[in-house]
Amino acid sequence: MAAQDVLGQTARLASSSALLQVLFRVVTFGLNAFTLRYLSRELIGVVNVRLTLLYSTVVFLAREAFRRACLSGSAKRNWTKTINLLWLTVPLGVFWSLILGLVWLHLLEVPDPSVVPHYQAGVVAFGLSAIIELLGEPFWVLAQAHLFVRLKVIAESLSVVSKCILMVTLVILYPHWGLYIFCLAQLLYVSVLVMCYVIYFVMFLGSPEATKKSFPVARVKALLPSFVEDETFVNWREARLTWSFFKQSFLKQILTEGERYVMTFLNVLNFGDQGVYDIVNNLGSLVARFIFLPIEESFYVFFAKVLERGKPVKDQKQDDVAMAANVLELLLKLVLLIGLTITVFGYAYSQLALDIYGGSMLSSGTGPDLLRCYSLYVLFLAVNGVTECFTSALMCKEEVDRYNFVMLALSFIFLCISYFLTHRYGSVGFILANCFNMGIRITHSTHYIHHFFRESTHRPLRGLLPSPALLLVYILSAAVTTFSEVLFCCDKGWMARLIHISTGALCLAATLVTMFYSETKLIHFVRSQFLSRYLKKGT
């Protein structure tokens with residue numbers, strides 16, 4: 001597949017995934033606002049922090065390394081061996097579910113049964129849901145490698161909608177079920193997700209469309225583990241790369257979910273405070289989840305397909321190098337401007353957003369300061385997602401192994417800083433520690449990118465430099481909106497709130513107009529790659 005075709009399909013995958021994440025997050029936030037009126041903060045804290053951490057840890061440790069290794073390189077490979085390797089995620093998931101389940105049941109603080117009953121059933125259900133989801137891993141990787149955009153969108157949309165319908169119904173009819181509601185909803189979510197992928201491939205394989213596309217897997221039976229005579233069970237190169245990524249994924253999970261591990265294992269916040277923190281954290285991560293994550297996942301595939309892992313820039317195809325450098329520069333500029341916009345406007349509108357969303361329970365206390373800090377953290381997330389996606393797609397096994405030692409040291413420092421800052425500043429300390437963590441990771445990734453392109457004429461890191469005019473508008477917008485918040489927000493009535501919102505809207509409009517005229521290359525990239533198919537439908 002030509003590099004230009006890969007870029008087009010990757011951009012469509014990213015934009016479709018972004019729309020999917022919009023749906024997912026909007027529904028989730030609406031669901032949180034709804035459940036806050038029926039269930040206790042303590043129950044939400046146990047589910048959204050303690051049990052969700054168990055589920056995400058099992059899934060991440062069992063599959064992340066396999067995904068990274070099996071999506072590297074061309075889609076043309078011995079898929080029988082790759083599928084065999086991917087099925088190893090299931091026994092690995094069973095292992096982690098058992099080990100971590102015992103830790104969650106016997107070593108961690110158990111919630112008061114009078115406040116949060118059925119905790120043991122919750123641990124079992126969330127651990128089981130992780131194993132069920134891993135059953136669909138070979139199907140997911142096969143679809144992702146061949147850029148099946150609609151399948152991912154439909155599967156995740158149906159699973160999210162099914163989960164939400166069941167949860168809302170049970171919360172209204174049987175609120176006394178408590179934790180059982182979340183257990184049933186989680187099991188339904190993963191079951192629908194896996195079944196969508198299975199049903200699709202059962203219908204797709206052997207069809208005229210599959211034959212026309214010369215799809216490498218011809219029968220459904222080929223998606224199951226199988227031995228090939230006189231050949232190894234797995235591709236040992238992929239297996240060794242998986243092991244390298246596994247060591248890295250273990251550390252990356254600690255860095256990604258560090259604050260939840262500190263809350264869970266060190267008991268620095270009670271379950272009620274954990275619930276509030278998680279709600280504010282989800283609100284703050286809205287754009288990070290529905291824009292940055294799809295871009296990172298989709299363009300990892302692009303860079304892995306266009307450039308060859310472990311080769312220096314002079315040994316790569318120079319046309320592909322030029323395209324990759326151009327795309328990397330524009331992606332960095334795109335996420336940087338999104339992050340700056342959120343940082344500037346998030347500071348002055350955090351308290352108002354929390355007051356509208358959750359009332360005084362969220363807008364009083366540390367809630368606004370927490371969301372303001374998260375607005376800054378989003379900027380770090382934006383840059384790190386793209387730079388780390390590029391380095392992960394290009395690093396050879398030895399480089400991955402060296403990076404693992406960096407991650408090990410960083411993990412230890414991060415946990416220590418999280419514990420110290422949380423005792424000093426409360427939940428805000430988690431966000432400050434995350435900013436430090438992301439800053440170190442960005443430094444490593446940008447150093448790798450600079451080193452990779454130093455023997456070429458391309459300088460993609462220039463994407464981290466916004467135009468002077470746009471930077472000036474950002475500074476003026478920050479000053480005006482902060483002054484507006486002091487005058488009009490948030491206890492002076494709805495008319496004052498509307499004036500504050502109108503002030504922000506005018507500043508945002510001025511920012512977008514300046515962006516449109518000063519970043520013409522970026523605007524063309526977004527229109528041609530991300531919005532092209534939607535613009536065509538509208539004409």
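Numbering starts at 1 and runs along the chain as displayed.
The backbone N, Cα and C atoms fix where each Cβ goes, and this holds for glycine too.
According to TrEMBL, the protein carries these features:
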- 12-31: transmembrane segment (TRANSMEM)
- 43-62: transmembrane segment (TRANSMEM)
- 83-107: transmembrane segment (TRANSMEM)
- 119-141: transmembrane segment (TRANSMEM)
- 153-173: transmembrane segment (TRANSMEM)
- 179-205: transmembrane segment (TRANSMEM)
- 330-354: transmembrane segment (TRANSMEM)
- 374-396: transmembrane segment (TRANSMEM)
- 403-421: transmembrane segment (TRANSMEM)
- 464-488: transmembrane segment (TRANSMEM)
- 494-517: transmembrane segment (TRANSMEM)
Recorded stretch that, among 43-62, 83-107, 119-141, 330-354, 374-396, has the most CB pairs under 8 Å to the transmembrane segment (464-488): 330-354
Listed stretch, out of 43-62, 119-141, 179-205, 494-517, that has the most CB pairs under 8 angstroms to the transmembrane segment (330-354): 494-517
Residues from the same chain, set at least six apart from the ends of the transmembrane segment (494-517), whose C-beta lies under 8 A from its own: 337, 341, 344-345, 348-349, 352, 469-470, 473-474, 476-477, 480-481, 484-485, 487-488, 523
Positions whose Cβ lies under 8 angstroms from the transmembrane segment (43-62), at least six residues beyond its ends: 32, 35-36, 89-90, 92-93, 96-97, 100-101, 104, 108, 111, 115-116, 119, 122-123, 126-127, 129-131, 133-134, 178-179, 182, 186, 246, 249-250, 253, 256-257, 260-261, 263-264, 270-279, 282
